Number of protein chains: 2
Amino acid sequence: MALTLGIVGGGQLARMMIAPAVELGVDVRVLTEEPGMAAQIAATATGDYRDLDTVRAFARGVDVITFDHEHVPQDVLRALVAEGIAVHPGPDALQYAQDKLVMRARLSELGMPQPDWAEVTDAADLDAFLASHGGRAVIKTPRGGYDGKGVRVVSDAAEAADWLSDGTPLLVEELVDFTRELAQQVARRPSGQIVTYPVVETVQRGGVCAEVIAPAPHATGRLAEVAAQIGEAIAEGLGVTGMLAVELFETADERILVNELAMRPHNSGHWGQDGAITGQFEQHVRAVLDLPLGDPGILQPWSVMVNILGGPATDSLEDRLPAALAAHPAVKVHTYGKAPRPGRKVGHVNAVGDDLDAVVYEARSAAAFFGD
Amino acid sequence: MALTLGIVGGGQLARMMIAPAVELGVDVRVLTEEPGMAAQIAATATGDYRDLDTVRAFARGVDVITFDHEHVPQDVLRALVAEGIAVHPGPDALQYAQDKLVMRARLSELGMPQPDWAEVTDAADLDAFLASHGGRAVIKTPRGGYDGKGVRVVSDAAEAADWLSDGTPLLVEELVDFTRELAQQVARRPSGQIVTYPVVETVQRGGVCAEVIAPAPHATGRLAEVAAQIGEAIAEGLGVTGMLAVELFETADERILVNELAMRPHNSGHWGQDGAITGQFEQHVRAVLDLPLGDPGILQPWSVMVNILGGPATDSLEDRLPAALAAHPAVKVHTYGKAPRPGRKVGHVNAVGDDLDAVVYEARSAAAFFGD
């Protein structure tokens, strides 16, 4: 009997797990939020992932439950585990991806390098933090934020009045004077095996990942080693199973600080579909099924990923495909079956090669065919 | 609206087209012969590909029809084309893949290098051919043969008595004293664009492909050029759309002779899933949809494919997967969701790298985990 993997959530991360699962002979089932989502081809159920009965019914007959996102509530996750269903990553790990205050507190315990941070519940606390951190800081809602949502830079507590009004604690963080952003990916099996990807450079625009260069340029030696150690320590310290992405700040004084975590395949690892011996989607499938992990090595010296954000306003990705493929025969185009909408991630392109400038140019030029 | 590709036939070649189609944002539908086949995940209909009504109903709503195999009858193909349905490869090309006598005659017209051949309908003709070709020859049933079936080496017409008894013409071919077998793949779009893969070496055992080395060792320069020219000339001369594989003999006196043709993705091109910038399955999808073709270049100096033939007798491929993955983290394992059966192609492994001996060793060792 083939192993059966159940994925909760029908977005592009689920979609991109399907191909490597099929290659390995793993049957895939997806619980989608609505019909016609990115992972539709493997959808076997549609419903609300916050509803225990829906998820429980979906979980019947699968060997492992994993996720397209980190939003399945703890009570649902814990009920599944209590019923003997294998859930990876599990609720104990996922709590750190679901609540940024819980995450910060745990990383402090683990001695991970982080921006200064505090939990604030009122204007006085926030103003005190601002006063001791140069008058500006980042505030974050602990839950539900992504792609720049739930994040705000403030220089006065009055700018946070709407978020503070309901008494929910906020996370406030030092505004790090970083020189660039990096991401470190690690895969970990339930039985403990870990593999570590090369650290990559991520370029954000408007809080959303725009480009990734793998490996991060000038990240040989100490920097790469420190990033790898941070990734591995967090994967083990938080008990992550599956893919973990650690978003990092690199500072002018060569420190590395942990920004955010994701416990699933992550945009910073899409390059590996075409540039790594084992891409993150295959690796996640292997890890959550507790299969031996694959070699995370690179196939070419450089890989560059550029997101297709928004997509064309007047026509479709399909309409743009022929011209893009004709101009860039060596670029790999990935689309998600999603309708274009301003700012929405609707696809990405990957390019590989041995000349970084040429690879960046190829990837950016190809992605530009799908823009406005 | 996404492009929609309809694949007739639910075997592993259809299965392996699904992933690259999904990456490109192409919707895939498969007409399978029975439930539970290799390409089940994209199956939208089940039925007999020889029945016009079944194929016609399946073809409704797809942009292009292509194939997992070459067995759809000419009358079905021609009826679809007459109704305005895009069929690639089309019936005019497919006739040469469906009938080896028609193929040989056409390649002779095109001046392609071939073994000496003749059409024979009785024992006297066959004995005459044997007498003028060293007393031994290969006889082939013109239709329906594959993987060594429908092929026999004879030294006396009496050994062909069963095949000659019904009056159907046979193809008889010179027994070529070859030093090795090669395969040349070419992709061609309906609008005429062609891309040419590096010529590869194929190793057959018992008439079935066992291993492929890409590119073929010692095939630089003239040999590779001649093979490429043959592939391109046949693709154009026969009007092939989609992937074409030309199986070749290399002789001790450095001639190259055409052995067989396949007008679809072919076992000799499976290496490209992990070793080429654009693998044959993606290329076939692009070609039949008349999208610009991808770069057929290699990602690493050497790629080696080893078939998993038969599979384990007492347990399943899934049972063998953990040990194989643990021992060979850099090898890519592909299985087809087919039950093991002696001699049956149930999967393959690909390995890539810069040291050919090491890559061969890796691929063979990994495949051996799935044997008896």
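Including glycine, each Cβ sits where the backbone N, Cα and C put it.
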Site co-member for ATP according to TrEMBL, given A:Lys140, A:Glu173, A:Glu174, A:Leu175, A:Val176, A:Glu181, A:Asn259, A:Glu260, out of A:Lys100, A:Lys149:
A:Lys100
Please report the number of other Cβ atoms within 10 Å of the Cβ of A:Leu175 (ATP binding site).
18
Can you give me the average pLDDT across the domain 'ATP-grasp' (A:104-289), rounded to a whole number?
94
Need one number for the ATP-binding residues A:Lys100, A:Lys140, A:Glu173, A:Glu174, A:Leu175, A:Val176, A:Glu181, A:Asn259, A:Glu260: the maximum pairwise CA distance in Å, whole number please.
19
Chain B, Cβ under 8 Å: which of the binding-site residues A:Lys100, A:Glu173, A:Glu181, A:Glu260 qualify:
none
When you measure from the Cβ of A:Glu173 (ATP binding site), which residues in the chain that are at least 6 apart have a Cβ under 8 Å away?
A:Arg104, A:Pro115, A:Asp116, A:Trp117, A:Ala137, A:Val138, A:Ile139, A:Lys140
